[in-house]
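Lifted from Swiss-Prot, the feature list:
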type: ACT_SITE; residues: H104; note: active site, proton acceptor
type: BINDING; residues: 8-28, 86-89, 177-179, 203-205, A221; note: NAD(+) binding site
type: BINDING; residues: Y53, R56; note: substrate binding site
type: BINDING; residues: C112, C115, C138, C140; note: Zn(2+) binding site
type: DOMAIN; residues: 1-235; note: domain 'Deacetylase sirtuin-type'
Amino acid sequence: MRVVVLSGAGISAESDVPTFRDDKNGLWARFDPYQLSSTQGWQRNPERVWGWYLWRHYLVANVKPNDGHRAIAAWQEQIEVSVITQNVDDLHERAGSTPVHHLHGSLFKFHCARCNVAYTGALPDMPEPVLEVDPPVCYCGGLIRPAIVWFGEPLPDEPWRRAVEATETTDVMVVVGTSAIVYPAAGLPELALSRGAVVIEVNPEPTPLTKNATISIRETASQALPGLLQRLPALLK
């Protein structure tokens, strides 16, 4: 049996991964997300964009995978499982999943905004949250930026290609913790259904996918995923 997992913000929320509006220190809540997550915002103030992403980078580095992440990693030891995520954290990887196809980039990867070469050098320290941080500079003179898909940017070719390939050939797709409204990722469950796959939605709240999903489970990732593989035969009867 081949399984694809499509994960969204809900699974990471259980690990207390902060969102934009979760800013406890008050530095970022006053900014429009577009100012910090777009090429226009980057061009206007790269130091502020770096401050925002470096703050998130270090916050996420200090949280841990939850039972949902660990369950998915355990599945990979038993059956063929492809992990596709809209999240920019590394919690799937730290739980043991591999490979993980990041559709929206990663807080833990960086590249030059000018020549696109990957950056593996040191990051600025952030012992306390600050509003602006000088970006590292590439050998070509360009500024290093987070490898995140910003507003208006296309998805990275390779992760998207692999996500589509896995979706087209899967037997079961588990859609966990995603609102199912952000395209093109929201189109993957539709593609799976069109190819005859079973689509299982795991979300405490209904989403636009609910009416079309084969099965909808109104639980969180940590509640539903640890026992889901064993429950599949009964669920699919």
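Every residue gets a Cβ built from N, Cα and C, even glycine.
Confidence annotation: the domain 'Deacetylase sirtuin-type' (1-235) carries a mean pLDDT of 93 in the model. Distance from the CA of C140 (Zn(2+) binding site) to the CA of S12 (NAD(+) binding site) is 36 Å.
Comparing Cα positions, the residue listed as 'active site, proton acceptor' lies closest to D89 out of the binding-site residues Y53, R56, D89, C138, N203.
Rounded to a whole value, the Cα-Cα separation of G8 (NAD(+) binding site) and C140 (Zn(2+) binding site) is 35 Å. DSSP assigns C112 (Zn(2+) binding site) to a strand in the three-state reduction. Summary for the recorded positions R56, H104: the Cβ-based neighbour count within 10 Å is maximal at R56.
Cα of C112 (Zn(2+) binding site) to Cα of Y53 (substrate binding site): a distance of 15 Å.
DSSP classifies R56 (substrate binding site) as helix under the three-state reduction.
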